[in-house]
Amino acid sequence: MTPLHHAAKNNRKKTCELLIRSKATVNMPDAEGNTPFLTALIAGSSDAVASFIKADATDLTVQNKKQQTPAHFLAAMGNIAILKSLAKKGLNWNAQDDQGRTPVELCADSGNAQCFEFLLTKLGGDPSVTNAAGESLAHIISAKGHAPLLGILKASGGNVDSEDANGCHPIQQAAASNSVAVIEALIKLMAQVNCTDAKGDTPIHYAANNGAVEAMECLVNSGADINSKNKAGESALHIAVKKGDCKMINALSDKNVDVSLRDNNGNTALHLAIPLHNTEVINTLIGISVPPNSQNNDNMTALHLAATLGDVELVQNLIKAGADVDMKNNDGETPLELASACGDVPVVKALIEARADVNSKDGQGMTPLHKAVQKNQVEVIKCLKEANANINAKTGDGETPLIIATKMKNVDLIMMLIDMGCDVNIGDINGTTPLHYACKLDLTKPALQLIEKGSDIMAKGEGNNTPLHFASLNMNKQLVEVLIKKGANAREMNSEGRTPLQGIRLTFAKFMKQLMGEDKGDKKEDIKIDVSEVLNQSGEKLETQTELKDTFCLLCRRRAATAALLPCGHLCICDACQHERLATLKQCPICKKDVYGACAIFCEN
C-alpha cells in the first residue's frame, strides 16, 4: 500500500489532498487491486472519498480483483449527495462483481430508499437484474425486511413475485425473515401467498422452518393455506415438529391447523416427534389432540415407534393419551412384540400393565415370547411368563419358543425354558421336536435334559427321522447310549429307508450293536452254500461270477448284490444291507416268501 492508500483508509482528508496535489499516483492498486479511492470507499471514509471526487483525478471505472468498481461501494455507502455529484461521470451502475452482484443490488441490501430510487430512476439501474443465485432485487429486499423499497421497485418495472434458482419467491424470503411489513407490502403488490418453490414449500413452510410465528399468522390471515403440503407431503406442523418449535406448534394450533395431516410416508406430526425424544414437543402435540392411533404407511402408530426407544415415560404418556396397545403394523406386530424384541423390561411392564395382549401373534405367528427368545432377552422372557404368556405358543411353522431356542443352540436359554415347564414333545409342522433339533445340532446337555423331562425318543420328525438318526450321524456316544438304553430302535427306517446304523463308521455301528446286544464280540462264521442253489433275480440258477457282479441290490438299488436270502436263495441284497437292514426284512422282494437270514455268495469262474 502507498501513503495515499493509508491516508484514504484512515479518512485523512487533508493528507489525501496534499498527496494528490503532490502528484502521488492516484490509481496505484494494492495487492487486492484496490486503488486509494476504492480503499476509501471500502473503509467508509466519506471525507477522503469527497477529496478524491473533488480532485477529479481518480479512475471511476477501475475494478479490483473481485471485479468490484467504485459504483458498487458508492451504492452500498448510501450517500445521496455523492451519488448525485457523480450522476454524469459515466459510472456503470449495472456492472457485476465476481458473484454477480450489481451496485443496485448492494443498495437494495442496505435498505436506503432514497439512493435506491435515485439509482433506478436517475442513474439507469436495472430493476430486473439477478445475481448468481438467481435472486432478484425483490428477493434481497424481502430477505432484509426493507418493505419501502418494494413499491419503488414495482414502480420502476421490477418483478416482485419472481423465482430464484430454487423456485423461491420474495414472499417466502420475507416469511423466513419474519418480516410482516414486507409480507403485507408484497400481498398489496399482488404476490401469491400460496406460491411454492422447487420442493413444494409455501411461505407457510418457510415461516414454520424459521420460527416466524408473526409471519405465519400474517399469511394465514391473508388467506394462505395453513394445511398446505410440500412435495414430501409435509405440512407446516410437520416442519415445526422437526425443528422442535413448541411455540410454532401452539401458534399453528391456534390457527386451526389440521393436526391429523400425514406426509407421504403416512406419518403424522406425532410420528415425527417420537424418534426425536423431545418430550416437550410430544406433550405439546398430545395437548393439541394429535390422534395417537394414526397409522403410517407401515401401519406403525406412535406407540409402535416409542416401544423401540426404551423411553417408558413416553410410552406411559401415549397410553394415557389413548394409544391402543394392541394395534398391529404391516408385519402384524404389536408394540409389545417390538418392545419384547428390544429387551426393555420397564416398557414391556408398562404395556402389560395397560393390558396389552401377551399372546398376540404377528404375521408369522410369533408372539412377544417368541420375539424375546429370538433376541435372547432373558429378563423379558421372565416378565412375560409372569404375565401368563403361553410358553408353548406355536408360530406359523409350528415352532414353540423352546424349538427356537434349540435351533439357536442357546444352551442356557433352552435349560431355562425347560425349567419353566415348556412342553418338550410339541413338534413343528414337520413333527420335529426340540429333542430332534438338540440331537441334530449335537447339543448333549439340553438333549439329556429333554430326555429326562419325558421327550418322546421315538418321535418322527422331518423325513421320518428319529432323534437317534441324528445322534448316530454325529456319533455322539453319550446320547446314543442313553437313547438306546431308553428303548430307541436303531433299526427304525426314515423316509429314505435308512436306519440310525447306516451312514456312520463301522466302528461306531459296532458300538451301537453292542449296546443293542447284537454284537457279542464272537467271531462270525461264514455260511457257504453251493452256487447251484443260488437263484438270480429272474428265478434262474446263478452260473458265473460275471452274473454275480451284474446283479444289483433290491434294497438300496446302488450296490452289487452279494448275498442270497434264506431259505429261498434269491440273490438280491448287498453286503451293507445284509448287515444293516436284514433284521427288518420279513419277506423276499422277489418271491415274497418269509426269510430268516442271508448268506454271502462265493462263486468261482
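Numbers here mean position along the shown chain, with the first residue as 1.
Note that Cβ sites are derived from N, Cα and C of the backbone, with glycine treated the same way.
Marked as domain 'RING-type' by TrEMBL: 553-592. Per-residue pLDDT, averaged across the domain 'RING-type' (553-592), gives 83.
Within the same chain, residues 37, 39-40, 43, 45-48, 50-52, 55, 57-59, 62, 64 sit at least 6 positions outside the repeat 'ANK' (1-31) and bring their C-beta atoms closer than 8 Å to a C-beta of that stretch. Sequence annotations record features per position, and here TrEMBL assigns repeat 'ANK' to 1-31 (among others).
The annotation repeat 'ANK' is assigned in TrEMBL to 66-98 (among others).
Break the repeat 'ANK' (199-231) down by DSSP state and the numbers are 16 helix, 0 strand, 17 coil. Summarising the annotation, TrEMBL assigns repeat 'ANK' to 199-231 (among others).
What TrEMBL lists as repeat 'ANK' is 232-264 (among others). For the repeat 'ANK' (232-264), the list of distant contacts is 199-200, 204-205, 207-209, 211, 213, 216-217, 220, 226, 272-273, 276, 278, 280-281, 284-285, 288-291, 294, 296: same-chain residues at least six beyond its ends, Cβ to Cβ under 8 Å.
Per DSSP, the repeat 'ANK' (265-297) is made up of 17 helix, 0 strand, 16 coil. The repeat 'ANK' annotation in TrEMBL covers 265-297 (among others).
Annotated repeat 'ANK' per TrEMBL: 298-330 (among others), in sequence order.
Positions annotated as repeat 'ANK' by TrEMBL: 331-363 (among others). Long-range Cβ contacts of the repeat 'ANK' (331-363) within its own chain (Cβ-Cβ under 8 Å, at least 6 residues beyond either end) map to 301, 303-304, 306-308, 310-312, 315-316, 319, 325, 369, 371-372, 374-375, 377, 379-380, 383-384, 387-390, 393, 395.
The repeat 'ANK' annotation in TrEMBL covers 364-396 (among others). In the repeat 'ANK' (364-396), helix, strand and coil residues by DSSP number 16 helix, 0 strand, 17 coil.
The repeat 'ANK' feature in TrEMBL is assigned to 397-429 (among others).
Per DSSP, the repeat 'ANK' (430-462) is made up of 17 helix, 0 strand, 16 coil. Under the heading repeat 'ANK', TrEMBL lists 430-462 (among others).
Per TrEMBL, repeat 'ANK' is recorded for 463-495 (among others).
The list of residues near the repeat 'ANK' (463-495) in space but at least 6 beyond its ends in sequence, with Cβ under 8 angstroms from a Cβ of it, reads 433, 435-436, 438-440, 442, 444, 447-448, 451, 455, 457, 501, 503-505, 508, 511-513, 515-516, 581, 583-584. Look at the repeat 'ANK' (1-31): DSSP puts its residues at 16 helix, 0 strand, 15 coil.
According to DSSP, the secondary structure content of the repeat 'ANK' (397-429) in residues is 16 helix, 0 strand, 17 coil.
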